[in-house]
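Feature list (source: Swiss-Prot):
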- 1-20: region 'Disordered' (REGION)
- 27-69: domain 'CHCH' (DOMAIN)
- Cys30-Cys61: disulfide bond (DISULFID)
- 30-40: motif 'Cx9C motif 1' (MOTIF)
- Cys40-Cys51: disulfide bond (DISULFID)
- 51-61: motif 'Cx9C motif 2' (MOTIF)
Amino acid sequence: MSTAMNFGTKSFQPRPPDKGSFPLDHLGECKSFKEKFMKCLHNNNFENALCRKESKEYLECRMERKLMLQEPLEKLGFGDLTSGKSEAKK
């Protein structure tokens, strides 16, 4: 009877994220960039549009230290801040 209860159930199959992993910054390599970004958000009533420069710098730090995949900054929404070239090469 116990096999009849489990007959129709499906097991959960986890799947990886679409863009790969996003490792935590355990060593604090980008901590100063993160704190600068968070301070900007706090000072600007959490209006993230006012802190795009800080956000860009934080993501650049993460990409340089292999804490996230390299992506062109234009693809991340910073095309207007890149002066015609992306520092993050594919």
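Backbone N, Cα and C define each Cβ position, glycine as well.
Features recorded in Swiss-Prot, as mapped to the structure shown.
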residue : record         : DSSP class
Cys30   : disulfide bond : coil
Cys40   : disulfide bond : helix
Cys51   : disulfide bond : helix
Cys61   : disulfide bond : helix
Within the chain of Cys40 (disulfide bond), which residues six or more apart in sequence place their C-beta under 8 angstroms from its C-beta?
Leu50, Cys51, Glu54
CB within-chain contacts under 8 A for Cys30 (disulfide bond), separation at least 6:
Tyr58, Cys61, Arg62, Arg65, Leu67
Any idea what the model's mean pLDDT is for the motif 'Cx9C motif 1' (30-40)?
97
Just name the most isolated of the disulfide-bonded residues Cys51, Cys61, going by other Cβ atoms within 10 Å of its Cβ.
Cys61
